[in-house]
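According to TrEMBL, the feature active site, nucleophile maps to A:144. Residues or ranges marked as active site in TrEMBL: A:298, A:327. Sequence annotations record features per position, and here TrEMBL assigns domain 'AB hydrolase-1' to A:61-207.
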């Protein structure tokens, strides 16, 4: 258990910690008392059929969804829908290596078990059903690792997911993505301060976390983002100032083991685990109306990787988002970004299923 | 001075070490006795007007040019041309941090001065003129950092360069490339065994060199290289075996300080240093007939960065090489690669100037 002030209501606003009890894991072992951080927007109707579920990406939480994607002016409209965002296991808000204590003390820090995308989705489904009584979802969406979770939902629980909108992420993680994530992992674990996962503060690992931010700079944004100096729109005066003032503090505030737990999970996202490795068969299970939303400048979830999967999903549509930021366009920094997402999600929600 | 058997005739075949004497450097300081490793192919004619000059890329030497690009069946035909390949300063064969001794002992290892692309080209021009009596070049070519040097030649010595063919590299390094190289540098310097540049063997830095290879895996090859498992053509059974059997030993054999010297140079390649930062003015100095040869799947020297520069060069042509390997297509592994390069270089050499 590490005290890290970043994972708090001060930085993440309103959310509720809800226990779903013991969670047995695909890789073996369990989380004795799995807590999920849950943020809701809007009101669940009496029929309990107006729910939308959102899952989170690597390093992200419900906060960015609240600030950028959800609101009365957005497709994710809390005046119409009951929107539930659940922070993934390892996010630092839900049960994670750095915050495991009490009944979870046995899995703290380096002892945290391997958690898969499938474990997340099982936990999320249980929470939605047992805590809210939700059995069907009008829409499941998420970006990056949230897209991996969206696909996992649509394949694992096809009867519960009416519509799906994976953004900038794939159903089966690619080998290139695996290697990219490996480089991120090694940037952290190579820091002697990481100490096999038994540091006493994330500050012990600041060098590794800073290098990790540096690799994100190379792959998270597009080559054109840097060439066009798009960071000037964020009122930085140089790329070095942008790194030192934005990307580095973003990651150095976080917990190394939590990032590593998510990275391991990201590397192994794969819906074909349900069908003996047959990706086409897995995606053919999907009955949700699906819009696949890549970002055209994404360096590591490129459009063509989305197309290859979208073509295997019955009745699906490819909707490409134009954003020079690349993958981290997900942050919604470009003024033209969220309007595109809203239009696609609105079209999807307006589609009768 | 480090004894590293990789930098030897055993691994690099025939080459001659030629001293050009003291080389004063753009960043200040000097190399007291600058040696350049030179490999030649063919015979210089009496008029001394059949010479082609080739410069080398980061981590590469004349070896790959000899093995892949030069021969009677190639555009770089030693039966017709006198082809000179000079290994760049810091390459490990020419004067470099790890091999500085004798009169260069004062600049060994961590004391090695900063060397720029311009210093290389000044050194190369001096050697060609003083040692071989060459005053004009039918063609200057090179890949990656060799492309940076090709542009530097064409801008600095326009009267000497009749034709230029930069392959997979730019005249002005991009900010994205700078950040990519920064990540490579940090992978090495973060290894405690690097010890500020004062290690006793490259083996002390094997962890950092291995991480450095891992980042090359992400950017050096394309996403499709990994997805299509192109490494199977090289008779590896898994991507892990390819890393462990090819990319990691390739880099761990090398000297860390030598790689760092080249990386620093790569980051700062910029012909606009000749024209007060005005790239268009610098490229407008070029009188060589120029073919710009990007590789279509290059992750860090993307085609559009080449196009932006090619459009500023009078009478130039864009010739895009199709290769799923991406940047490291330069190794000539794909059977379809060298035929494309040969055709473009042949067309260029056949162009009257």
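Note that the numbers count up from 1, one per residue, in the order the chain is shown.
Positions of Cβ are set from backbone N, Cα and C atoms, glycine also.
Where the annotation comes from TrEMBL, it is an automatic prediction and has not been curated.
Shown here: features listed in TrEMBL, placed on the structure.
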{"residue": "A:144", "record": "active site, nucleophile", "DSSP class": "coil"}
{"residue": "A:298", "record": "active site", "DSSP class": "coil"}
{"residue": "A:327", "record": "active site", "DSSP class": "helix"}
Cβ atoms other than its own within 10 Å of the Cβ of residue A:327 (active site), all chains, total 25
Residue A:327 (active site) and residue A:298 (active site), Cα-Cα, nearest whole angstrom:
5
Report the same-chain neighbours of the residue listed as 'active site, nucleophile': residues 6+ apart in sequence with Cβ closer than 8 Å to its Cβ, ordered by sequence.
A:57, A:58, A:60, A:167, A:168, A:169, A:301, A:327, A:330
Tally of DSSP helical, extended and coil residues in the domain 'AB hydrolase-1' (A:61-207)
75 helix, 20 strand, 52 coil
Local confidence of the domain 'AB hydrolase-1' (A:61-207) - pLDDT mean:
98
Quick one: give me the count of other CB atoms within 10 A of the CB of residue A:298 (active site).
28
